[in-house]
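J.: Take a look at the following structure, please.
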Amino acid sequence: MAYLIDSDWVIDHLTGIPDASELLLRLAPAGIAISIITYMEVYQGVLMSTDQAAAELRFRELVETLPLLPLSPAVARRCAAVRADLRRQGRRVGGRALDLIIAATALEFNLTLVTRNLRDYRDIPGLSLLDLPTTRE
């Protein structure tokens, strides 16, 4: 496994953004996964959908094919260490709990995080990021 896919790319794939679907297909041979936090964030969108049954079907079809990485004690410790490092540097940690758990998951499993949300991840030491533009229709 090489890549952890952030919520933004999963949502774009599920809503039919071609670039997002192409990216997932391109990265799949190297191994892609999602975190339990991404699962939760995307599933919230399913519950908010105007066509919940169709959204649920698309969601299940995708997540059944991907490894789901848990919030384990090791990930929790890694997240605590990242938060402590950022606070020591005087950087913002408030309001970033979910993103920091996703980052800690990527760090713990030695994965590159695929996201467009660079602002919340750029300052995390050791985190490998892949940011690619999409064409949203």
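Along the chain as shown, residues are numbered 1 onward.
Each residue, glycine too, has its Cβ placed from N, Cα and C.
Annotations per TrEMBL:
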- 3-119: domain 'PIN' (DOMAIN)
- Asp6, Asp99: Mg(2+) binding site (BINDING)
J.: My understanding is the cutoff is Cβ-Cβ under 8 Å with a sequence separation of 6 or more in the same chain; which residues meet that for Asp99 (Mg(2+) binding site)?
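T.: Same-chain residues close to Asp99 (Mg(2+) binding site) (Cβ under 8 Å, separated by 6 or more) are Asn117, Asp120, Tyr121.
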J.: How many other Cβ atoms are found within 10 Å of the Cβ atom of Asp6 (Mg(2+) binding site), counting all protein chains shown?
T.: 27
J.: Average the pLDDT scores across the domain 'PIN' (3-119) and report the rounded value.
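T.: Reported value for the domain 'PIN' (3-119) is a mean pLDDT of 95.
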J.: List the helix, strand and coil residue totals of the domain 'PIN' (3-119) as derived from DSSP.
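T.: Breakdown, helix to coil: 76 helix, 12 strand, 29 coil.
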